[in-house]
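*Asks:* Have a look at the structure that comes next, please.
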Amino acid sequence: MSSDVVEATGALSGAPVLDADQRAVAEAPAGHGALVVLGAPGTGKSTVLIERAVHAVDAGTDAAGVLLLAPSRRSATRLRDTLTARLDRTVASSPARSWQAYAFDLLRRARVEKFLALPAPPRLLSGAEQDQIIADLLSGHRAGHGAPLVWPTDLEHALRTRGFRQEVRQLFDRLTEYGLTAEDLGRLGEARGRADWVAAARLYREYRDVLDLRMPEAFDPAGIITEARRVLQENPAFLAAERARLALILVDDLQEATPAIHELLYVIGADTDIVLTASAESVVQGFRGARPDLLAGLDDHLPGLRTRTLTTSWRLGTGTSAAWRRVADRIPVTGGGTHGRVLDPRPGAGVTAPDAAVEAHVVASDLHESRFVAQRLLEAHLHEQRPWASLAVIARTGGKLTSLARSLTQHGVPIRLPAAERPVRDEVAVAALLDLYAVSLGRRPLTAELAITLLTSRFGGGSALGLRRLRQQLRAAELEAGGGRASDELLIEALQAPGALAGLTRDAQPARVIAAMLAAGTAAAEQTDPTPETVLWALWQASGAERRWVREALGGGAVGERADRDLDAMMALFQTAERYVDQLPGASPAQFLDYVAGQEVPMDTLADRAPVGDAVELLTPASAAGREWDIVIVAGLQDGVWPNPRLRGELLGSTELVDILDAGPEVAAQRDVQARLRQIRHDELRSFSVAVSRARRRLICVGVDAEDEQPSAFLDLVDPWPDPTGPRPHTTVGRPVTLRALVAELRQYAQSDDAAERSAAVAQLARLAAVGQDTPGGGENGVVVPGAHPGAWWGLLPLSTDEPIVAAGETVTVSPSRITAVQDSPLNWFVQTAGGQEATDFARSLGTLVHGIAEHLPEGSRADLGAELSRRWAQLALPESWETDKEYERARTMVDRFAEYVSLSRTQGRVLLHVEQDFTVELHPVDGAAGQGPVHAVLRGQVDRLEIDDQGRLFIADLKTGKRKPRSDEMPAHPQLGAYQVAVAAGGFADGDRPGGAALVNVGTGEKKVSVQPQAPLAEGETWAPDLVRSAASTMTGATFEARHQPGERPHCTLPGVCPLCAAGRQVTE
């Protein structure tokens, strides 16, 4: 092929430079028939299509007769914008569309022209809606609705998972693409002995019935293509009109097409001028059924097809071209052979050394990887003066991008993420609005915990400190009015009756906003025939967030990024509500809440994202396809991640089904697991090929080499490591080019043993600390460089107080359940008592549930306790998953063990007196630990079960739901049980003062029988237990509290962040 470069001519301005091969295609005369253009990435295939369209219109072809098709909405939008700019004129319809958009338009016109009977205009069913329908059907069968679906037993634990539903969707898409019915799949399942296909066939029939009855105008992405082809083929007049309308069909990236798209192309493209472009080595839609192998059969369907190959590399330099070729050479040859892998240097371009444009790095951890990416982006922007928008980061998964986004934002790098990779309900701002929505509808009670969440949400905007001050103000007002309610109750009342907020300081502003939103939402919900949209709009309007978030978004930075994302999330939520109302007219706001809460798949959205200025784009290969940047960093190159060898479409045999339909059952039977794994690796190589071919100037690839992570073999494809005897060395990750990192490094040098280094660092810190001191609005206290001034160094701040927490003459209260903590580590006890403890996890919540059942049915039978567990479990509204099933079985085991204890207690001659019995016992004064003098002491607590034995002695049983239990040799002096016996002996219970012993009743250890660990009754004159209680009381009065365990990071230290014995908890000045 000739590579002579010529200037495109014509009346149109802005024409790009084309080589001879491109020009031959762009200026092909009308009537040229079918033409396929092959070429590697960056050879100008999309440009050829644009110029072919421009040339046709310039030669007199009606723009409405030019159809430019792309594999995705994003790529269609880019092509449309480029073509519109090149045409420099107004066109009646969009010149470029995705295949789904074209099929949608065909069905719309078919309905208008009476070729298709639909009760409403057609619409595209989103992935989230598909997932929800399938989830509802599966849930209905589990609840016993309809005839049962008989799935293989090895699938039972998978049926409730999102992954299973994804497999179902894949199978349904393949059925739709190949035009198979439920009956067809059922017969195949019977013939091949696949019970899962038989069950899936019945599910597919129900799925189609739901669509046909509830929303006949809705088509899933695969179905809309198949339906468009069917309408054309069954209506010759409509097909003839469509072929007559289209003078030129242009198709970009045909390697991304599914079999259904190929069939539609052959129907509309007969006897029409067609130009197709393809690169079989660059595929990102494999998860949606893309079949690059079908390129080899184009000649069979498009008679007279001619092939052109573009070889001039307009994008990739010598180094990146060589890297891409090494990747492509690992992919089996398909349609076009190896012709599409040729890359010649751009005429006039200098030769670039291969290692100058391509880099491969391994770093020591995920943290180092995030810092490395930030460092390279900052250096490119600050040192090379490259705009942020000329830089991009590509990773295989959205989860990796989210992790990198957090790190880059912290380093001050402006970023732009693709559309949401998660359900709209999981967006932070949406979650808060839905909480308010649920409260407004009366579907969720306003608890203290929820009130705090709302006040500190994106709508409330409150801080922990401001919330504390608000609580203090509400409590003070309550006491002044003669009341005695706790601040939790007052907080709830303030949000429901905002009059209580009158006269309070600015700390009450978050509460005023939330109260106004709740009032507006409740009023909207109480209107006649409310809709989801009216309630959501009332809440949004009352929030006043729009003006604030738009202002923050325009301000840029991390705050602007957050506001951008929140605005995008709000647009997606309102679009979801609009689609829901259109789909189900008359549906209530409560039904919409259930619908959104049940979504586990991101909702497709046409809503425009909030505008972002100069920013680095973070993308997956699918969202990066068709685009290019000066510098591209490919991150997350880990073995097992990219490439990901996991078999796809195997759980329900989607791949096997396609093999049967394409090649017959005999050939399909010959494809073993290894063959499918090779196919998956080739798919991974194709997506990686797209990633590495996006860089114009520099390609940087990075992976992690750690104890539990190995770098991907793909690194050696882009930049082969020459030493076979040793691994690629770790790249040293330097300090990011940010002020915060600079300050941190200077503060390290300020403690250097070298006097010169120390003096120089202190001088530079002083300069930074002085920046902005005289600048109005320079920052907090006029400082624009945080952390530079010693006044902000935590290690130099004085103690807030050195007074004991209990003064002489005051009272210290000892809880039996905390004595062990006081004894083991006073520091841990103090911090936890002050509120510094981890949030309650599900294990603790499970324990609370079991305690509640034991209190409600203290002498219940195993059957009664199990029934009560089932009733309460249903009220938790936990998601259906194998994890939930596992926790339920654990809870059921606990109540069974408790039932065993109830029976055992009776056998041993004890009678239950009380459950959850409170007690208070005054002790003799103790000496304060800080030398402040005598302090009053009170032993106060609550026992789970107070029983009496046949000798009239009181016995205390303490129910334990944890997985661990004390050693047997610890029981004679167990602090908590000993304290309970002290309370008995001191007259803490009206039923007697003779201790009869105590026991831990362990129901959560997983043992086959209930484990009861007793403590013998306190003998008369035995002092260890009273002495232990008094010692704990004295320790609790101090001004300082010791940390007690072996130095170093100890796994069982619950507070390593503040513990001076742990490395993480040391003072920064140590």
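Yeah, the Cβs are placed from backbone N, Cα and C, and that goes for glycine too.
TrEMBL entries are annotated by machine, without manual review.
Residues annotated as ATP binding site in TrEMBL: GLY39, ALA40, PRO41, GLY42, THR43, GLY44, LYS45, SER46. What TrEMBL records for 18-317 is domain 'UvrD-like helicase ATP-binding'. According to TrEMBL, the feature domain 'UvrD-like helicase C-terminal' maps to 322-626.
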*Asks:* Suppose we draw a 10 Å sphere around the Cβ of GLY39 (ATP binding site). How many other Cβ atoms does it contain, all chains included?
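*Replies:* So the number of other Cβ atoms within 10 Å of GLY39 (ATP binding site) is 26.
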*Asks:* Near the ATP site, what residues other than GLY39, ALA40, PRO41, GLY42, THR43, GLY44, LYS45, SER46 in the same chain have a C-beta no further than 8 Å from the centroid of the listed C-beta atoms?
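*Replies:* Everything else in range on the chain: THR277, SER279, LEU310, TRP314, ARG315.
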*Asks:* For PRO41 (ATP binding site), list the number of other Cβ atoms lying within 10 Å of its Cβ atom.
*Replies:* 25
*Asks:* Work out the three-state DSSP category of GLY39 (ATP binding site).
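*Replies:* In three-state terms, GLY39 (ATP binding site) counts as strand.
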*Asks:* Taking only same-chain residues 6+ apart in sequence, whose CB is under 8 Å from that of SER46 (ATP binding site), what do you get?
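*Replies:* Long-range Cβ contacts: LEU79, ASP252, THR277, GLY626.
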*Asks:* I'd like the Cβ neighbour count for GLY42 (ATP binding site), meaning other Cβ atoms within 10 Å of its Cβ, all protein chains included.
*Replies:* 24
*Asks:* For THR43 (ATP binding site), which residues in the same chain are close in space, meaning a Cβ under 8 Å from its Cβ, but six or more apart along the sequence?
*Replies:* LEU310, THR311, THR312, SER313, TRP314, LEU343
*Asks:* I'd like the number of other C-beta atoms within 10 A of the C-beta of ALA40 (ATP binding site), please.
*Replies:* 28
*Asks:* Based on DSSP, name the secondary structure state of GLY44 (ATP binding site): helix, strand or coil.
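*Replies:* Going by the DSSP assignment, GLY44 (ATP binding site) belongs to neither helix nor strand, so it counts as coil.
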*Asks:* Please give me the CB contact count at 10 A for LYS45 (ATP binding site), counting all chains in the structure.
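*Replies:* So the Cβ neighbour count for LYS45 (ATP binding site) comes to 25.
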*Asks:* Looking at Cβ-Cβ distances, which residues of the chain lie under 8 angstroms from GLY44 (ATP binding site) while being 6 or more apart from it?
*Replies:* PRO16, LEU18, ASP19, GLN22, LEU310, THR312, TRP314
*Asks:* Tell me, what is the mean pLDDT of the domain 'UvrD-like helicase ATP-binding' (18-317)?
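*Replies:* The predicted confidence over the domain 'UvrD-like helicase ATP-binding' (18-317), as a mean pLDDT, is 88.
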